C-alpha cells in the first residue's frame, strides 16, 4: 500500500516524467504506470470485498415516517440503548446482534460518554447516518412469552380494544416500541394474551406472547419448546424484563419471560387460571360462604353468573377445579382481610364478580347456600335474576398455568423489581396511615347533639329481595331470537 501515492503521479506530472525520453524509454515508462494502475485496481477490489462482508453482517432499518436510513453495528447493547432512550428523546442506533463482551463494553462506554457544556452534562453517543425506526424489520427475532403484573385502578381494562385509554395493553405496546423490541408489523407479531381483565381489575400473573427482537440468530422459528430452553442463553439474550421495566409506567411491570414454541397461544394453550378476590370479613358468615362456594366446583352452565354475550359466546359451560376462602396477613384493629380463591380452566365475562356477589349475599344471611344450586340449574332458572356484581377493585387475576413454560428473570432485573414493589408498598402504607389518622380524628370528635340541624336521619336499611323473586334478564335463546330478527 506504500506505493499508492506514487501510483497517481501519472495524472499530475506525466509531462514532466516523459520529457526528454526517447520512444523506447517512453513505452517502458507507460507500461510501468499501467502495471501500477492494474495492481491498484486489484487492491481496491479486495478492499471492496472486505467492506461488503462487513455490511452483510450489519442490519439496516428505518423509522416509520422517516426517509433516512441507519446501519446498526453488532456491538451496541440493547439494554444501554433502552436506558438512553428512557432518559432522552434523542433516538440513535441500537444493537440487533450481540457482539463479544469486550465489543459491547467498548461501545457502551463510548455511547454513555458525557461532556460538560456550560456547566451541564449532556449524553453523547455515536450515530451513523441513515434512518431510525420504532418497528424493526429484517432482524433476528424469537417467539417469547412475557409474564405481566399490573394494578388496574387507572386502566380501562387490559385489552387495547377498549373504547377508552389508557389500557394496560396500550401501555405495554408503547414500551415495546420505545425499546425497539417489536419486529415487523403488528400482524406479523403473532400476538396473544391469556385473559381480558375488566376496568379496575389487577393482575400479578397475566401472560402475553409475541415475536420480539433477539440477540441470537436462527431461534425464532422453532416449534419444539425444548430447543428454546433458556438455560444456556440468558447471558447472551436481551434482558427483556430489565429493558421493558425501565420505560413502563410504575403500575405495570414485567416479572418474567420465557422462550415459547411458535405454535404457543397465550389464551388457548392455558391449562388453568386462578383469580383471587379480597374482602374485609366484617360480620360475614364464612362457613356458609365456603359451603356455597364448593357447589361451584365441577363443570356447570354459568350463564346465570356472568354478563351474557349472545353474539360471540354460545357455550356457557365452564369447569371450576377448586374453591377456597383463606385469611391474608393484612388486618386492622378490629377486622381482617380474607380472600376468595377460584381456579378453573376458563371463565366467562364478569363470571368471578357475579359469583362473589352471590356469595356475599349468602355470607350476609340474605340468601341460602342452596341458591347456588338453583342458579346453576338453567332448566329451572333459564333467565338470570338481576343483581349487581361485586366491585372490581379487590379482584386480582392471580396466575395462569402452561405446560412446559418456565419463566425467568435475571438477578439484576429481579433486584430492581423487588426494590420498586417495596417502595410502592411503603408509599401505599403511608397513605393508609394518613387515612387512618383522619378516621381516628373523626371518631374522637364530639358527638353532635340531637337538636343540631346537622343531626341527619339514619338511612333506612334496604329491603333484600330474594334472587328467585327478582326481575330477570332475557335468556340466551330469547337474545338469539332477537338477533335473528335484526338480520
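The backbone N, Cα and C atoms fix where each Cβ goes, and this holds for glycine too.
Automatic prediction, not curation, is the source of TrEMBL annotations.
Noted in TrEMBL for the protein shown:
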- 27-54: coiled coil (COILED)
- 80-129: region 'Disordered' (REGION)
- 101-113: compositional bias 'Basic and acidic residues' (COMPBIAS)
- 294-403: domain 'Pseudouridine synthase I TruA alpha/beta' (DOMAIN)
- 466-487: region 'Disordered' (REGION)
- 476-487: compositional bias 'Basic and acidic residues' (COMPBIAS)
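Broken down by DSSP into helix, strand and coil, the region 'Disordered' (466-487) contains 14 helix, 1 strand, 7 coil. Here the domain 'Pseudouridine synthase I TruA alpha/beta' (294-403) returns a mean pLDDT of 95 for the predicted model. For the domain 'Pseudouridine synthase I TruA alpha/beta' (294-403), residue counts in helix, strand and coil come to 23 helix, 36 strand, 51 coil, using DSSP.
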